[in-house]
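*Asks:* My questions all concern the structure below.
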Amino acid sequence: AECKVTVDSTDQMSFDTKAIEIDKSCKTFTVDLKHSGNLPKNVMGHNWVLTTQADMQPVATDGMAAGIDKNYLKEGDTRIIAHTKIIGAGETDSVTFDVSKLKADGKYMFFCSFPGHIAMMKGTVTLK
């Protein structure tokens, strides 16, 4: 099983995938986030954040107040399973997390916590 995925983000407020499947044989899983757009991170920054489906909106709402220096995520938020930093045009960041943090029957979402982006920039994470 390939225990990693590359996710591209754009100036059109989109990720190039809406669903990520993680093989349960993976001990860790890595997400490489790219930004193929032209706009800087203060204008069109993106990150990749993993939470349960139930926690997604509250985490994003709390994150807005945190500001860009904190990657639009509340510091020490235990609801966040994994996240990258906010990146802009031409930048990349990656995050590796422990697959044991996910339950087989759990509902998980990935999203961008940059203010206003969650409506367009989200998808499911499934343990298979």
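Placement of Cβ uses the backbone N, Cα and C atoms for every residue, glycine included.
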*Asks:* Figure out which of H46, H83 sits with C112, H117, M121 in the Cu cation site per Swiss-Prot.
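*Replies:* My reading of Swiss-Prot gives H46 as the candidate in that site.
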*Asks:* Excluding H46, C112, H117, M121, please set out which residues of the same chain place their CB within 8 Å of the center of the CB atoms of the Cu cation site, keeping sequence order.
*Replies:* S9, M13, F15, N47, F111, S113, F114, I118, M120
*Asks:* Just name the winner among C3, C26, C112 (the recorded positions) by count of other CB atoms within 10 A of its CB.
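*Replies:* By the 10 Å Cβ neighbour count, C112 comes out on top.
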*Asks:* For the domain 'Plastocyanin-like' (1-128), what are the DSSP-based totals of helix, strand and coil residues?
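*Replies:* Secondary-structure composition of the domain 'Plastocyanin-like' (1-128): 24 helix, 44 strand, 60 coil.
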*Asks:* Under 8 Å between C-beta atoms and at least six apart in sequence, can you list the same-chain neighbours of H46 (Cu cation binding site), or say none if there are none?
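*Replies:* Those within reach of H46 (Cu cation binding site), by Cβ under 8 Å and sequence separation of 6 or more, are S9, F15, L33, H35, I86, I87, C112, F114, H117, M121.
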